[in-house]
Amino acid sequence: MMNFADTLVILNEDAPCELLRKKYAQMLVPTVSVSNFKKNKQYKTYNNVFLYTYREYDFLWDLDDNVLHKIQRCLNKSGVLKLVLYISNTDGGDNKTHDEIAKRLKRECLYSGFINISNEISMAENGIIINVTAENPDFLSNEDDDEGNSSDGEAYQNAEDNKKVVNRVCANCTCGKKTNGVKLDKVTINEKEVQYLTENAVSSCGNCYLGDAFRCASCPYKGLPAFQPGENVKLNLDNEPN
């Protein structure tokens, strides 16, 4: 389960990303468009930055206004960037083209100062999803650290930043919170389904709750509407339609 505390979400300006913006707003997670993010000179620092873009990705190659480098500067030490790019089948291209895009994204993250970069391509409805995860190094100089935490009034601020975010226990919890009294909810479902134990709706790729456009081909949530992380979701586990 992703902890959305101290997280910024950057969204490209298209219809699917607008739906995501509303979804994150309901969870009190600050969001900003790519264009507005690029206009700001200084940024508050975050532990996590998500960048979602639907079909459009040319702005990621812009050397004159490098958005990846700006993201790197507004991340805390050891902060994580997660970039999610959806490419529709109607945009053309083949597996080789998609591999080249994924490799270039990884290379651009490296050039922008990130480390521990990984990428993954998964099939989605009517297209593919490229997931890139990169980490901000923890060996930044004091000068860089002071610059990133400037308090001169130009820092990016969002009114939602100061609102409380509820912490939840991860499904694969290793910190001991789950074993210290957090109980699983037992959910009873109809005869076409089975009993199962669920604490929260969890996905291995982290995109399942966003909706079909961002789900992989084998996603068990396929066909279900988007939902909030932490929301209990009932799955139809047999092969018959509802």
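The backbone N, Cα and C atoms fix where each Cβ goes, glycine too.
Values in this document were obtained by computation on a predicted structure and should not be read as measured data.
Here is what Swiss-Prot says about this protein:
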REGION    1-140  region 'N-terminal SAM-like domain'
REGION    141-162  region 'Linker'
BINDING   CYS205, CYS208, CYS216, CYS219  [4Fe-4S] cluster binding site
MOTIF     205-208  motif 'Cx2C motif 1'
REGION    205-219  region 'Fe-S binding site B'
MOTIF     216-219  motif 'Cx2C motif 2'
Output the one of CYS208, CYS216, CYS219 that, of all these binding-site residues, has the highest number of other Cβ atoms within 10 Å of its Cβ.
CYS208
On the DSSP side of things, how many residues of the motif 'Cx2C motif 2' (216-219) fall into helix, strand and coil, could you say?
0 helix, 1 strand, 3 coil
The region 'N-terminal SAM-like domain' (1-140), counted residue by residue under DSSP: helix, strand, coil:
49 helix, 50 strand, 41 coil
Can you tell me the mean pLDDT for the region 'N-terminal SAM-like domain' (1-140)?
83
